[in-house]
């Protein structure tokens, strides 16, 4: 299929599921700041007037489980019951256990054995890259993120004073011969104050949110803008929908362009391969594309709990590879150590860097702390491939 429409969506930092993700990663960062080798699996639920924290945490760190969620909610912009959630008055409940000793015995290693640290669970993870954008990301998800990011900037700056924190975007792109041709449909649903006229809202979103973000040459002559299609979006955030950590895994990754192994990222320390191996797989795939070895590359890696070495590695280039996929897999095995501790070491993952990942995508962003986005292996791969 070379001619088709493909759609991806994103959500803003004020979407209830993203509120939960950001709280979980803020807890993780606060713990890693004091205890880099902590074991953290922090789950968050947020609903009307309530935040619940649960999961498994083993650490010597002392953190304020009450203040951190309130700080995140306040930073997002939920500061009044008038908009559905108030950082100062919401209740915060906690219910944490320690990591199971049955899991810990497969993950914990002495200093001499640390490179053989086992995976924290079984599972399969995917990484993907393509040449549709300079960031080597699929175009639909890349621009879906930028739209809700722009909505948040305009809201926080006060330029569009009627914007409120909760928002969603959706971008439909027409592909011809496998390449993105133009953007056919944009959907933006944004929470707003009750008194803004609809005409003002629609014009503001199109002119201030959409047009400054999307490249003019990509807009179809008959592009369709669907702005708040229900006509009203006043009740939003945790008051409108219950938010849960890990419920936006496609938004977090490639917008549906690539496969997903099912494991969420936020609230998990890097001993959990759901997170660290997915980051490593992106690192591998991005370097393959950056090296010019393929236009599209998807990497699957799989693990058994307590075992360091991956049980499988697969590469697909969807007919765009300069060398056979099997040869690429051999190339990856020579140049990348995908044992969990090696990933943590190579990508420097024991730092409190995860808060920034929790909204607007874990991939395709030019943040210095996003080490999985570097392309430092591209030249070595190209040389070894002999092209």
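Cβ from N, Cα, C; glycine included.
In sequence order, 16, 17 make up the list of same-chain residues 6 or more apart from residue 241 (ATP binding site) whose Cβ falls under 8 Å from its Cβ. Swiss-Prot lists 15, 166, 167, 168, 232, 233, 241, 247, 248, 264, 268 with the feature ATP binding site, giving sequence analysis as the kind of evidence.
Marked as Mg(2+) binding site by Swiss-Prot on the basis of sequence analysis: 17. Secondary structure at residue 17 (Mg(2+) binding site), taken from DSSP and collapsed to helix, strand or coil, is helix.
In the three-state DSSP scheme, residue 43 (K(+) binding site) falls into the strand class. There are 22 other CB atoms within 10 A of the CB of residue 43 (K(+) binding site), with all protein chains counted. Among the features that Swiss-Prot reports, K(+) binding site is placed at 43.
According to Swiss-Prot, the region 'Flexible loop' annotation covers 99-109, on the basis of sequence analysis.
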Under 8 Å by Cβ from residue 167 (ATP binding site), same chain, sequence gap 6 or more: 11, 12, 14, 15, 148, 151, 152, 188, 189, 190, 191
Cβ packing number for residue 232 (ATP binding site), 10 Å threshold: 10
For ATP, whose listed binding residues are 15, 166, 167, 168, 232, 233, 241, 247, 248, 264, 268, the greatest C-alpha pairwise distance in Å: 36
List of residues, in chain order, with Cβ under 8 A from that of residue 268 (ATP binding site) and at least 6 apart: 28, 40, 41, 42, 274, 275
Proximal but sequence-remote residues of the same chain as residue 248 (ATP binding site) (Cβ under 8 Å, at least 6 apart): 11, 15, 17, 18, 21
